[in-house]
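Chemist: So TrEMBL has the following annotated:
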{"type": "DOMAIN", "residues": "849-941", "note": "domain 'DYW'"}
{"type": "REPEAT", "residues": "129-163", "note": "repeat 'PPR'"}
{"type": "REPEAT", "residues": "230-264", "note": "repeat 'PPR'"}
{"type": "REPEAT", "residues": "331-365", "note": "repeat 'PPR'"}
{"type": "REPEAT", "residues": "432-466", "note": "repeat 'PPR'"}
{"type": "REPEAT", "residues": "533-567", "note": "repeat 'PPR'"}
{"type": "REPEAT", "residues": "634-668", "note": "repeat 'PPR'"}
{"type": "REPEAT", "residues": "705-739", "note": "repeat 'PPR'"}
């Protein structure tokens, strides 16, 4: 036994606290509530009051034994006022030296937390006995003053007094309070030396002490060695496991206790109810409720409150309310439990109703009540009620409570009162991490991403710690801003802080890098981490789909299914976008089936993605069906459908749908109006387009942007109204961008306006010097009018500028696989069959009257070679493969990365009639449906 260790702590304890055996000054030594006299006077003591009245009238002269009984009652009910009056009568009666009465007074004052009085009585004793010391130590320990209890124990021990079975539990409880395992072990040694190691009360306290000090194994060993365990022993064990968050184990040990024949008491059952709540074990919690009813403890306030809390936390709000209504009367703990449960499970309206009922019951809410209700106000955006709570909490002096402050910051943020949230935050003394996160989340929620970054920078400068919630919110804002430099910086911060392994941070990094266009970095984090959940897969799929790697997105979908993960509506939306970008119609239909099976058809995001996918995969009919399945069609739904119709050349239908949207009260945004102008453009509806464009701001409150001007200029140019188009360019309120000059160049080529075409090309050389499309269009324009010297000049310029022509690529989906073709491609496994089909088509096309348009080929070769080169365009190879790889009569769907050339366009009009198939070509501008010898674009593209 190393008792010297315990003795060596004496000096440090004395320095920290007070000199031993000096009278306490309650106002300065050990803090207590100055209103304690009034508070404790409210707790019963009716018998003592009656006897005091008789004593004051002179009708009763109690003996020391009677005074002892009166003090015991006051101590049990914590009736301090009556106890002090009895103390005065004891002094008047001359019984002040009675040791038993002094011990009772020490016990009374200790339990009522007025340790200065307890110490004064104690020091007036000539020779305090074991009971006196035990009363003082117990009072300290019962009220949480662990150090004072240990110092009193040392004082007693140094005087040669030996502890008994009543003193040791108080001393061990003091060790538990301080979580001082070293001293606890030394006290354990003393217990063994003096022979109390088999005493059930002492061992029970040892079980708890070791558990609270984190030594669960030692705690279990002690329990296991108890020869005759009682309910207190089991309660100590349950407390041990619950202290160490082993709630499931506590619940299973309860079953073991029942099987051993020990009858639980109300303390056992309320503890196990709390364990069931924390372990999420609803069924066992119900069984414990049954025990409470059978044993008659269901009216016990602690057990009833524990039941309310359990049912509320485990989402059985109805059961929680039934238990709550049977509590007569419910106290503040009861109200807080039911209100917090309602808020936890989003029954916000019910939580507010309960607050009103609470107010009517005259139970005053505390900071925990306000913390819960403020969450409800934030979720419902009830700023008026939130502000009333703010005012009331200030009057109740809860303004300094951090939980209330955080709740107010969160409420103001979610009610779009960010200035108020910021003012409150600035007024908070030493805001903690939760307060910082609440402010950051508020700005993030309202889309003020720049302010989120600014607050995070401020947080770092002030040296505040952050957690995974902070970084994931900041990364979300960085993703919205698409600032890869910031993403890199936060990544470094995450690495240095060790938060890079957090699932939330890793998912945030994947999403942020992906949305910034750094797909490889996102993929590297995805592959290197262990965060392969639905969120990370969705972020990665979205990144692949957004930046043209649809094949990789679909591979991830299969990997997801292999791992047993079920894509959510957001993942399905991203997968549908990948299918849309690839024109992967069949795979898109498979995702559609998954959406149906998973019950996501009511999800607006999934519905909108379906409309977009079918429209971009060439099936406007399926897009229309999907559109009408969306239950609550918003502006995104309408815009997707109108845009789809426009892309497919159904201009009139697109405008009819736009008018229907207006009738249903949905206001257009700038995207919708771009789609409307595109519909007019593809259908050649110049008059209608001019009407919509001129009335945009007046009718719909949408100011024309670059995209709207580009649509109008393209439309006017294609219609041959080049002067009007140029006038619109000159009168634009901003500098013309590349799409505008590109539209003018395209129109100049169609209408052979060399001067305007040259001017447009010169501007494009400045704005987009790396784009080969400008050189190609300019050269084609010169070639169309026979200016071959100019063609050669453009080719030289292209070579000198080191601009490489973007290769034409086409994609076709056959049997769930997407095949890619380039001009002259011979890499396909069925190349011989593809070229044989082209030769076959060549003969049939010649007989049908098709003549290759060799003038559009700019290669300096013979006519026959130009014809061969035209036949080997990527879209023709894709169509030929579709003819040999798909069933007769099935539509052929091809996507091309560039504008379909005029020769291929002409050839497909012949081919669709020859083979009796619909050929759907999606180029960079629109869809072309070739059917019965004509195209849906009406040769206007």
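Here the Cβ of each residue, glycine as well, is placed from N, Cα and C on the backbone.
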Chemist: Residues of the same chain, at least six outside the repeat 'PPR' (533-567), with any C-beta under 8 angstroms of its C-beta?
Modeler: 503, 506-507, 510-511, 513-515, 517, 519, 522-523, 526, 574-575, 577-579, 581-582, 584, 587, 591, 594, 598, 818
Chemist: By a Cβ-Cβ criterion of under 8 Å, what residues six or more beyond either terminus of the repeat 'PPR' (432-466) are in contact with it?
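Modeler: Here the qualifying positions are 402, 405-406, 409-410, 412-414, 416, 418, 421-422, 425, 473-474, 476-478, 480-481, 486, 493, 497.
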Chemist: I'm checking region-level scores; what's the whole-number mean pLDDT for the repeat 'PPR' (634-668)?
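Modeler: Averaged over the repeat 'PPR' (634-668), the predicted model reaches a pLDDT of 93.
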Chemist: Which residues of the chain, 6 or more past the ends of the repeat 'PPR' (705-739), have a CB below 8 A from one of its CBs?
Modeler: 670, 673-674, 677-678, 680-681, 684, 686, 689-690, 693, 696, 746-748, 750-751, 753, 756, 763-764, 767-768, 771, 940
Chemist: Quick one: DSSP breakdown of the repeat 'PPR' (230-264) into helix, strand and coil?
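Modeler: Secondary-structure breakdown of the repeat 'PPR' (230-264): 26 helix, 0 strand, 9 coil.
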Chemist: How many helix, strand and coil residues does the repeat 'PPR' (705-739) contain under DSSP?
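Modeler: Helix, strand and coil residues of the repeat 'PPR' (705-739) number 24 helix, 0 strand, 11 coil.
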